[in-house]
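Going by TrEMBL, these are the annotated features:
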BINDING   T30, H62, R116, A136, S175  L-threonine binding site
BINDING   R53, T112, S138, S146, R189, Y228  ATP binding site
DOMAIN    8-193  domain 'YrdC-like'
Amino acid sequence: MAYLGVDIESMKIAAEAIREGKLVSFPTETVYGLGADAFNPEAVARIFQEKERPSFDPLIVHISDIAQLYKLSRSVSSVVLRLAEHFWPGPLTMVLPKQPEVHDIVTSGLDTVAVRMPNHPIALQLISLSGTVIAAPSANKFGQLSPTHHRHVTKQLKGVDYVIQGGYTSVGIESSVVSVEEGRIQILRPGAVTAADIRAVLPEIEVVDFTKPVEDHLPSPGLLDSHYSPKKPLYITNSIGQFAGERFGYIAFSGDGAVEGPAVVRVLSKRGNYAEAATNLFGALHDMEESDVDFIVAEPIKEEGIGIAIMDRLKKAAFKYKTE
Ligand code: TXA
Ligand code: MG
């Protein structure tokens with residue numbers, strides 16, 4: 001593993017590595033990605049190995065130019081183009097009918113491919129210098145905390161060829177994943193782009209908001225109950241009196257952090273701004289995981305706007321620590 005800076009010489013090294021089938025972790029506006037040439041199946045296979053990710057969980061392909069969308073999807077409708085125009089580059093991933101050239105290992109054998117144009121200058125430069133499109137899941141071990149800083153990447157992944165030192169990401173939680181079918185858009189994974197944002201752009205289209213799948217069949221294979229977990233137990237509650245005498249960290253969404261009881265308090269947004277809280281969420285969980293507290297307690301927030309995505313990540317992070 002070698003770190004790379006963000007100067008042009010470093011970016012050329014990173015792009016060359018992608019062309020050679022190596023793995024490069026790079027910053028996006030959401031979280032760090034673990035990237036490989038999407039059209040090189042051996043390189044993509046290494047992503048799954050390095051992440052210890054099950055092969056049924058497909059990857060997102062990152063593009064830097066709208067022309068690349070046509071190499072990936074055989075059906076680019078006017079609805080898709082309007083979404084792209086409004087939300088790209090940005091934290092929106094579209095699941096679309098794939099072109100036959102897109103390898104099964106990228107899509108886990110599905111007939112669809114997930115595509116996103118990230119809103120980050122380093123990511124866009126890396127994709128365009130590489131001359132290909134880049135398959136990249138979040139750069140974490142499967143099921144563990146997502147990386148919002150290059151330090152989080154190297155904490156979990158040891159077999160990456162290069163990690164670009166891009167500092168903290170801005171949005172802080174993974175992109176919204178949507179399926180786009182004839183006349184209907186469905187949110188498969190909530191993120192910073194909400195159903196309301198999409199309805200504002202496409203008022204005539206039915207937009208189905210994120211709902212936890214009830215049947216055995218997952219509309220998005222990566223939507224497992226347990227995910228994004230810290231290595232210490234995490235509980236979601238604001239009645240912390242029950243933990244008196246114990247050594248725990250508390251993640252609050254707003255306020256000045258003057259809370260009695262916890263050994264460490266992290267306030268995600270003093271003024272209670274949910275977008276700012278999303279930016280700081282995974283960093284706070286990483287810090288608490290590394291600190292000497294015995295467990296973590298997070299305050300719940302309202303599931304509205306980007307709060308839906310925040311609570312989705314928190315509930316999955318806490319899922320395996322449920323006591324009942
Ligand atoms: O913000 C992000 O989306 C980050 C950055 C690096 O771009 N990437 C990311 O990738 O979060 P990953 O692999 O951790 O999550 C991709 C999600 C998974 O839930 C996966 O199941 C879903 O997208 N997905 C990918 N292809 C799909 C498809 N063809 N149909 C349905 N869901 C798909
Ligand atoms: Mg992930």
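Using N, Cα and C of the backbone, Cβ positions are placed for all residues, glycine too.
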Query raised in the report: In the same chain, outside T30, H62, R116, A136, S175, whose C-beta lies within 8 angstroms of the Cβ mean position for the L-threonine site?
Result: T28, G33, I60, P91, T93, P118, A123, E174
Report task. Compile a sequence-ordered list of residues in the same chain as A136 (L-threonine binding site), six or more apart from it, whose Cβ lies below 8 A from its Cβ; state 'none' when nothing qualifies. Result -> F26, T28, G33, L34, G35, A36, I47, L59, I60, H62
Report summary line: binding-site residues S138, R189, Y228: those with Cβ under 6 Å from an atom of ligand 2 are S138
Query raised in the report: the domain 'YrdC-like' (8-193): mean pLDDT?
Result: 97
Requested in this report: Measure from each Cβ of the binding-site residues R53, A136, S146, S175, R189, Y228 to the atoms of ligand 1 and list the residues where some distance is under 6 Å.
Outcome: A136, S175, R189
Report task. Rounded to the nearest Å, what's the C-alpha distance separating R53 (ATP binding site) and S175 (L-threonine binding site)? Just drop the number here, would you? Result -> 19
Query raised in the report: If you draw a 10 Å sphere around the Cβ of S138 (ATP binding site), how many other Cβ atoms fall inside it, taking every protein chain shown into account?
Result: 29
Query raised in the report: What is the number of other Cβ atoms found within 10 Å of the Cβ of S175 (L-threonine binding site)?
Result: 28
Requested in this report: Return the maximum Cα to Cα distance in Å (whole number) over the record's L-threonine-binding residues: T30, H62, R116, A136, S175.
Outcome: 13
Query raised in the report: Counting Cβ atoms within 10 Å across all protein chains shown, which of the binding-site residues T30, T112, S146 comes out on top?
Result: T30
Query - Length of the line joining the Cα atoms of S146 (ATP binding site) and S175 (L-threonine binding site), in Å - result: 12
